[in-house]
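Trainee: Shown below is the structure under consideration.
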Amino acid sequence: MIEFGNFYQLIAKNHLSHWLEILPAQIAAWQREQQHGLFKQWSNAVEFLPEITPWRLDLLHSVTAESEAPLSEGQLKRIDTLLRNLMPWRKGPFSLYGVNIDTEWRSDWKWERVLPHLSDLTGRTILDVGCGSGYHLWRMIGAGAHLAVGIDPTQLFLCQFEAVRKLLGNDQRAHLLPLGIEQLPALKAFDTVFSMGVLYHRRSPLEHLWQLKDQLVNEGELVLETLVVDGDENTVLVPGDRYAQMRNVYFIPSAPALKKWLEKCGLIDVRIADVCVTTTEEQRRTEWMVTESLADFLDPNDHSKTVEGYPAPLRAVLIARKP
């Protein structure tokens, strides 16, 4: 059973304590009414994993845990089998005692692009919106964060996160809650807020930016990573039925237009930190994610276009500050 009591106890003692006015009731409602049909199967996989305290833990350069003595073949097979019960693994990679989860996305590449542009994360309380399996939460802890909180309503991601946490010695510095951003009150409590790979899925992108701003302390930093297109500050692509085979893509602005949106929401010191083409080396099918991936979503004769004829995925990182 996945429980949230440790998180409640943790925030009861800090500046997130006011969240407890609504959070336990939201989680209780989720447990009672909203659990996925496969959730018990996934949570059983987590329960059957051994809780191991790593002899060596590297969260600075990767998410890697090692034991002092190699695990037995039987132990490794058990861990491998249980983790495969949580497929597909989209965000990673993870190296856990010799079990290497080669995820669809090389999320470590994204982190290496983003990290040089961030304010020092040492001692910070961080929110990661749409955090997936929580890979970047662990990298934030590795970069010195005091507490990293992720929210993502996808319940498989919650189970993947809890599986990794258990294999990292039940580390309590990172937490994932099965919520969407619209379920959060204006907490105004996080030093840094990340939203990576979320904005283009929102029907109202400016509302999403306001929601992110409402989670920041004054002088807090927003890190926004999203799909963009080439163009000036007035350029926005509104795809038809699908973009790269995704149905739920609503608005893809240019990076200059996105900068303008952030400024319109009252954020300051907005800068375009990085713009990068997504390659089929960064997002691809693996043995841990065996269905279609980016190569299947691009025009087979012209990888500069999606199968629908739109510009191929281009991603930008923008950094802004709340005054």
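We count from 1, first residue shown onward.
Just so it is clear, glycine is given a Cβ too, placed from its N, Cα and C backbone atoms.
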Trainee: Swiss-Prot has Trp105, Lys110, Gly130, Asp152, Pro153, Thr154, Ile181, Glu182, Met196, Tyr200, Arg315 binding carboxy-S-adenosyl-L-methionine. Which one of Lys77, Lys91, Lys264 is in the same site?
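Mentor: Looking through Lys77, Lys91, Lys264, the residue Swiss-Prot assigns to the carboxy-S-adenosyl-L-methionine site is Lys91.
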Trainee: Hey, of the binding-site residues listed (Lys91, Lys110), which one tops the CB count within 10 A?
Mentor: Lys91
Trainee: So if I draw a 10 Å sphere around the Cβ of Thr154 (carboxy-S-adenosyl-L-methionine binding site), how many other Cβ atoms end up inside it?
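Mentor: Excluding its own Cβ, the number within 10 Å is 16.
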Trainee: Which secondary structure state does DSSP assign to Lys91 (carboxy-S-adenosyl-L-methionine binding site), in the simple three-class scheme?
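Mentor: Strand, per DSSP.
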Trainee: Among the binding-site residues listed here, Asp152, Glu182, whose Cβ has the fewest other Cβ atoms inside 10 Å?
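Mentor: Fewest other Cβ atoms within 10 Å, among the binding-site residues Asp152, Glu182, is found for Glu182.
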Trainee: So, in DSSP terms, is Tyr200 (carboxy-S-adenosyl-L-methionine binding site) helix, strand, or coil?
Mentor: helix
